[in-house]
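Asks: TrEMBL feature annotations, pasted as is:
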DOMAIN    452-716  domain 'G-protein coupled receptors family 3 profile'
TRANSMEM  451-475  transmembrane segment
TRANSMEM  490-510  transmembrane segment
TRANSMEM  522-546  transmembrane segment
TRANSMEM  566-585  transmembrane segment
TRANSMEM  613-634  transmembrane segment
TRANSMEM  646-666  transmembrane segment
TRANSMEM  678-702  transmembrane segment
Amino acid sequence: FREFQLAQAMRFAIEEINNSSDLLPEIFLGYKIYDTCGSNARSVQVALALLNSNENVSAPSKACSRPAQVQAIMGEAHFATCACLSDKTKYPSFLRTIPSDHYQSRALAHLVKHFDWTWVGAVRTNDDYGNNGMATFIENAQQLGICLEYSVAFFRTDPIEKIQNIIDVIKASTSKVIVAFLSQADMDVIIHHFSKHNLTGYQWVGTEAWIFDFQTAAGDKNHILDGAIGLSIPKAHISGFREFMLDVKPLNVSKSDFFTEFWEALFSCKFKQSGSEEIQKECTGHEDLTGVQNTFTDMSLMPIFNNMYKGVYAVAHALHNILRCNKTLDRYSKLLFIYFAIKHKNQRNKNVFMFLHLTQYICKVYVCFIDFTAHAVPVSVCSERCPPGTRKVLQKGKPVCCYDCIRCAEGEISNITDSITCVRCPPEFWSNERRDTCVTKENIFLSYEEIMGALLTAASLFGTCLTAAVAFIFIRHRKTPLVRANNSELSFLLLFSLTLCFLCSLTFIGRPSEWSCMLRHTAFGITFVLCISCVLGKTMVVLMAFKATLPGKNVMKWFGPTQQRLSVLGFTLIQVIICILWLTISPPFPSKNFKEYKDKIILECSLGSAVGFWSVLGYIGLLAVFCFVFAFLARKLPDNFNEAKFITFSMLIFCAVWITFIPAYVSSPGKFSVAVEIFAILASSFGLLICIFIPKCYIMLLKPENNTKKNMMGKGTPKSF
């Protein structure tokens, strides 16, 4: 009954206008109604006939006194929304009381985006209405990041094979949302085929052509469209129209074929025909609509009827203006723009959507408040969203909505969903296990708390205590021949320097700072030079003392105590000058090493000037070589001067340690290079202490009978040695 209802809406508006004393006074609007039977070709044929011929147009109360030219054509309700009709160069005389599908298509795209449906299918009517509307939807959908898995077109008169192909495409698809830009008649065909193949569980998004149509909902026996949403024309009310529509008795004025067909369909009866044909229910022509419920009595299409109603009034007002101004005006000078809301906020600040829930019985409201959080929203995506910690990589040959989620590489993160790139963390940060945030890298250095640092600290303190114990023993036995014979002054100075050597190793442990970096290398360099200078002095004393025993040789006057002190001071002063130049020009400084480990930072002391560092080590090595050579030359001196043997052995250990140190130091990463340097300091210090002083302590403590002047002056080596 839809087309007939629209005709009734036009009749109702015309009768109101003709009965009005304000609008077109003394002018009666006539009309002629044609049934196009839903055929586009028939619609065009009728329109051209009306435009190109003069007819006697009937009026509801009076006949026109002369032939009248048709002034306006109220066209089909369907497809008037086509955006193609907005082109005034092609359709200058076309006006409408409903917005263009350009806005509806954009709104549908935003509606799909609202529910995060990024992977959808599309079905459209294969005419200007469907093709233009879907083209606009696809354009806007792509801008919003929505991908179409398929887009198919058909017409209700297409061969069954073509429609079957469309069904096969939909069945093979993975998307769960179908956007249908279809007429009501084409939608009925789709529902029929979906029911035939038992295709359910799809989320339908529809246009105003079918989304709130009572017939479409009533025909969906298998609940294909359950949960469908779409855009509707705003609710409308025409005062008196319902009563006019339901008053069908005035229609019973003609026994035409049209009236007979209408009346029988309305009341589900049959007029008695001539003959003896048996019928179930006979029409009397006086039936009453009271209690009758069908598509004719349903007023759910009132918004469409209202558009027809407004269109008639728009024509009437245009004619009224022409007659009132008494001059020819442009026939479409009167334009009526009707806007409807797609989404807005009501006074209670809730989302309002123009949509319809289609079941067997259609929802009778046009604006519904829905709490979407209380319902499970269908999911339709080609690929699940990529969580933080991953990035999107498009699948080859597929739309942009189809992608793989690749985990960010080490040191890179992504902290948003669906990130297309991973961002590298700053140098002092590293990615966490989930790759979604940067965390501060662990700072590593040789600390007192760790086992290696604690062991080295203990060794350093043990060496210091051992040196102090030896010094205590030497002090207690300072007047004995053994101490006096081995240059007690240089011995005590050597013990003092060894104490400093053991203690300087502690400056290498702990978090590097500006002062500790400068102190550790300079203290090490100066104390070791002081130590080697003392050993070198003791070696020179042994050689000079032997030379002094030879006839005619009095060399000791050239290397007495004063010369010994000056030599130690001179050798040490050279190292002090080297260290001062190093600290002045390019001193060591704390730095962060990012190269050795990806997820850790090594806190270390950069040398500043490598030349300065290796100059300090080189000078120590030079003195050690001299000391070793002199001690080696003195190793076969008379037995009472056998200290040279122990000095030779101690220098051998010293040189071996530091020669081994160089490759180990260069190849060890981070705190291990510091540990290697500390080990070299401690090993060489223990070597000097043990080789030079422990034998003497052994005699003083365990063999005191050998600690005599006679024994020191006698021939041969004591057995205790």
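Residue positions begin at 1 at the first shown residue.
Each residue, glycine too, has its Cβ placed from N, Cα and C.
What TrEMBL says about a protein is an automatic prediction, not a curated fact.
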Asks: Sort out the residues at least 6 away from either end of the transmembrane segment (566-585), same chain, that have Cβ-Cβ distances under 8 Å to it, and list them.
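Replies: Same-chain contacts beyond the flanks: 490, 493, 518, 521-522, 525-526, 529-530, 532-534, 536-537, 540, 608-609, 612-613, 615-616, 619-620, 623.
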Asks: Does the structure show the transmembrane segment (451-475) and the transmembrane segment (613-634) touching, where I'm treating 3 or more Cβ pairs under 8 angstroms (sequence separation 6 or more) as a contact?
Replies: no
Asks: Can the transmembrane segment (678-702) be said to touch the transmembrane segment (490-510) if we require at least 3 CB pairs below 8 Å and skip pairs under 6 apart in sequence?
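Replies: Yes, these stretches are in contact.
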Asks: In the same chain, which residue numbers or ranges, 6 or more beyond the ends of the transmembrane segment (613-634), come under 8 angstroms Cβ to Cβ?
Replies: 521-522, 524-525, 528-529, 532-533, 535-536, 539-540, 542-543, 546, 571, 574-575, 578-579, 582, 588, 607, 641, 644-645, 647-648, 651-652, 654-655, 658
